[in-house]
């Protein structure tokens, strides 16, 4: 090869070398300036590995995985660290030992605030008497996560080290686990606060079982500025750590009614309170069998009838009560209207008058309906974080939840976290005195909560929310 050929290439090689050095394109490896639209899997000019990053709290050390999807490994690792698991389990066990009914969650609320103080999370208290709203991050968008705190009037029959210390009260629906998982999420989110593309609100809510605590939290401003909200419930129908949900109707609306049937004119010979009440019961059963779409699940049940105990006397008053459920708002409110119409009209036929109370300020829960986009977000995060084998589409069930009040005012999604584990004895339905959970799901639940919130902020920030 001619030496003149080598000489002729020298100026070109020099020009190429200096053009690379002076190129205006730059690369940042700082997570605090991380733009998620730039895939970090692209090769950098520097051959050095990505650096480690430490948060300035004492709780955790964050190590970047160096990829766009590094959030998955980081969040799961933080949730499953030994000290984090112990921290969450201790919170759950303390709450389980000291169950408190609706609007009585004094110790539970104090534990929540103590744990938030410990990790440096600011909060507002009280809302709805005993509720707490914690805030992590700044700016918009704002997303909320919710956990309920109240227990049930159930005597625990499970013999274990952390059995309820309060006679006749028990966390028989897993709300102790809900609070612990949300505290675990708070710990993760606080450590990753510098990565959040907005604000996360954590709602610790009283009185889900009775008292419509969600409604009171909304009235006290818990959702101020919030654009979407998510919540979970443990489920013994799903194997441990399986996430389940579905788009559209997930939980039925649930209402109660109490009717008082009285003689319209005490001196009338046309007196028939017993006959009127009997006809009312039969007619109420016909509302579903004769009026409802057979493909639209509905229930009307009369569970109580009370009259005089004096034989041979016609009572001047009969009291009856029951419940009704439906999966769509239209069906739910249609049932409510028809129940009242039937009771009043049938009573009038037998010379009686009736009044009906639906307890709408105490125990009246419309259906819980998942927003399609929010459901897709939960599903995508769960599949990304845990793998497709750990996600199931759940069937609709006739249970009810006061989370519905949040879903009526905001895009929302409700999902299940499986706790079924035969070895741990976690096989019984909620509200059973034998109800148990597999505590191994607590770190998983914390990670899922944190990931749902963090990814919602990142995706909606990019979308310009």
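Just so you know, glycine gets a Cβ as well, placed from its N, Cα and C.
Straight from TrEMBL, the features:
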BINDING   173  Mn(2+) 1 binding site
BINDING   175, 209, 233, 431  Mn(2+) 2 binding site
SIGNAL    1-28  signal peptide
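Report note: the Mn(2+) 2 site is defined by 175, 209, 233, 431, and the residues of the same chain whose CB lies within 8 Å of the CB centroid of those residues, excluding them, are 148, 150, 152, 172, 173, 174, 208, 430. Within 10 Å of its Cβ, the residue among the binding-site residues 233, 431 with the fewest other Cβ atoms is 431. One residue stands out among the binding-site residues 173, 175, 209 for having the most other Cβ atoms within 10 Å of its Cβ: 175. Candidate binding-site residues: 209, 233, 431. Nearest to residue 173 (Mn(2+) 1 binding site) by Cα distance: 431.
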